[in-house]
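Here TrEMBL flags Gly88, Trp89, Thr90, Gly91, Thr92, Gly93, Lys94, Thr95 as ATP binding site. Residues or ranges marked as domain 'AAA+ ATPase' by TrEMBL: 80-213. According to TrEMBL, the signal peptide annotation covers 1-22.
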Amino acid sequence: MGGGSVLLRLLLLLGAAGSATPWDLRSLHCSFSAACECDFRPDVRGLECDLALNLVGQHLVRQLVVKGMREFLQNHDPVKPLVMSFHGWTGTGKTYVSSMLVRYLFRDGVRSPYVHQFSPIVHFPHAEQIEKYKENLKSWIQGNLTNCGRSVFLFDEMDKMHPGLIDVIIPFLGPSWVVYGTNYRKAIFIFISNGGGEQINRMTLDLWHARKDREEISLQDLESAVSEAVFENPNNGFWKSGIIEEHLIDLLVPFLPLKQHHVKQCVVNELTQQGLTVRQDIIQAVADSIPYFPEEERVFSSTGCKTVASRVTFFS
């Protein structure tokens, strides 16, 4: 008799005996059969097209995220969950991409009960309660992975996370079959951080001074500097973290600073989204109103496209 039939008989026996509720049966099935897909509806092609059309100025992000997602989803028996870490200055698209990603993974997108978002300010505000937060976080992840092995966990503003807290989830990130009785290898973890943004900006500016085209910048140009910056910053959630030290991040994704023509693309996108007429005077006015660095050369936007929406409203 095959493994699936044995599991089915076990479930029926447990149900008949009244020793498990339907919730318990579902949890058992998800934990040990690795078959719980929930409302998981991945569409990598749609993600790729949306990134190409709407993500402004981030060639590395498009390449890394699409390739990483495709390879992970094609593997029906991954040895570990997919762990991605998004790094870059404010307004460069980190939150935008994470929201887009879950929209192409789950039928209900960010509203899916299997997408879990954590904010250090909202969920872990008090440093003196870090041990309590650790226990709560471990239990929360374990419980939700038991409910759905295809869960996605988003950790926002890692640069504001209490150092040491995030290491409690290390057992869920590495290669193993089962942790705390939970099958977790099909989960996705995404860390979002401004940490390393200064290094990315500085190196991008240095390469611009060296007349290297922005589109020629590779992950190898940035990866080690970003990892070192977040690992050695005592105010960062990844400070001295085993997640970095044990190389548990599969994809470190750098978001580059945006130039003025990228900001103009963001203005066009925002005008279109709001159903407004795309006018060159508005595009130029919004682009000119945004601060750029270095102050003398005004090469890169200091705030990316973060304030574009409010400025479009003001100038329209």
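Quick reminder: no glycine exception, Cβ is built from N, Cα and C everywhere.
Residues Tyr96, Asn194, Gly197, Phe255, Gly304, Lys306 surround the recorded ATP site, their Cβ atoms falling within 8 Å of the Cβ centroid of Gly88, Trp89, Thr90, Gly91, Thr92, Gly93, Lys94, Thr95, which are themselves excluded.
The local packing around Thr92 (ATP binding site), expressed as other Cβ atoms within 10 Å of its Cβ over all shown chains, amounts to 32. Cβ neighbours of Thr90 (ATP binding site) (same chain, under 8 Å, six or more residues apart in sequence): Asn194, Gly197, Thr303, Gly304, Lys306. Secondary structure of the domain 'AAA+ ATPase' (80-213) per DSSP, as helix, strand and coil residue counts: 62 helix, 24 strand, 48 coil. Sequence-distant neighbours of Lys94 (ATP binding site) (same chain, 6+ apart, CB under 8 A from its CB) are Phe86, His87, Gly88, Ile192, Ser193, Phe255. Cβ neighbours of Gly91 (ATP binding site) (same chain, under 8 Å, six or more residues apart in sequence): Leu258, Ser301, Thr303, Gly304, Cys305, Lys306, Thr307. Neighbours of Thr95 (ATP binding site), defined as other CB atoms within 10 A of its CB across all chains, total 16. If you take every residue in the domain 'AAA+ ATPase' (80-213) and average the pLDDT, you get 93.
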